[in-house]
Structure formats: C-alpha cells, structure tokens
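Peer 1: My questions will all concern the structure given below.
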C-alpha cells in the first residue's frame with residue numbers, strides 16, 4: 001500500500017512537472033534551429049520515464065499504472081499481454097541495476113517528435129548507472145509503443 005501511495009504521488013508530480021515550461025537556458029537551446037525539434041531535455045529521476053511513455057505511446061503514464069500483473073510497483077505471475085510483458089521486463093531491468101537505485105537516480109534524456117514518430121535518446125553525459133537506468137526506461141517506453149494497449153487489463 002505504501003509503495004502504491006508513493007507511485008501515485010510521483011505520477012501526480014510527473015503530470016504537474018510535464019506541464020511546466022522549460023527553464024531559460026533550455027528555452028534558449030530550443031530556439032537553436034538545430035535543436036528546434038527537441039521537445040524536452042530534462043534531468044529528472046523516475047519522472048523522466050513518464051515523459052518517455054507520453055512521447056512513445058501518446059498516452060499518460062497513468063494508463064500503465066495497475067495494468068495487468070506487472071505494471072505498477074512490484075509484480076508477479078504471468079504477463080497478461082505484450083504491454084504487461086514490457087512492465088515485467090522493465091522490473092527485471094531495474095532489478096539488474098538495483099545498486100544504481102533505479103527508482104530515484106536522475107539521468108539526462110531527450111525526446112523529440114511525438115507518437116508515432118517519437119525518438120528517445122539517453123544523453124552521453126550520463127554515467128554508467130544513469131545510462132543503464134535511462135535505457136531500461138527507454139526500452140520499456142518503446143516496448144509499450146509496439147504493443148497493443150487493452151483497457152480491460154487495467155484494474
């Protein structure tokens with residue numbers, strides 16, 4: 001229950017943060033013609049994952065909370081579909097990188113375009129842990145985009 005409350009708070013913050021304007025330095029970068037297609041360059045922790053999901057799928061991260069047997073905090077049993085398998089793989093990826101504190105480590109990533117032409121990049125300035133966690137999130141978001149979302153699997 002405590003973990004679910006924390007996730008709800010984090011997802012709520014992510015919705016708020018995704019609505020905030022970029023800071024002045026990032027706004028200046030967005031004016032550069034070479035970077036005009038980049039919709040966001042942000043340094044965040046688990047909240048960054050929600051931006052990747054939005055870009056890759058066109059859906060809010062909320063749609064994936066309590067979906068199937070694996071989406072949300074924890075998970076067990078058999079994956080109910082491809083989306084749920086993405087969540088299971090994401091959980092296992094975080095587990096492989098547990099020493100990096102994947103739920104809280106900040107990393108730098110950028111998204112450009114939007115669903116269905118989203119591009120997600122994990123920045124080269126990330127250290128090993130940041131790169132690994134960023135890639136866990138990127139792979140999961142792209143996996144969500146490749147699989148059919150079934151609303152009846154959300155509970």
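Note: Cβ is positioned from N, Cα and C throughout, glycine not excepted.
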Peer 1: Given Swiss-Prot annotates 72, 74 as Ca(2+)-binding, which of 91, 98 belongs to that site as well?
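Peer 2: It is 91, as the record lists it for that site.
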Peer 1: For residue 86 (disulfide bond), find which of the recorded positions 71, 74, 100, 118, 129, 134 come within 10 Å, Cα to Cα.
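Peer 2: Of 71, 74, 100, 118, 129, 134, within range: 71.
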Peer 1: In angstrom units, rounded to an integer, how far apart are the Cα atoms of residue 129 (disulfide bond) and residue 136 (disulfide bond)?
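Peer 2: Cα-Cα distance, residue 129 (disulfide bond) to residue 136 (disulfide bond): 11 Å.
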Peer 1: Would you list, in sequence order, the residues of this chain other than 72, 74, 91 that have their CB within 8 A of the centroid of the site's CB atoms, where the site is the one recorded for Ca(2+)?
Peer 2: 70, 71, 73, 75, 87
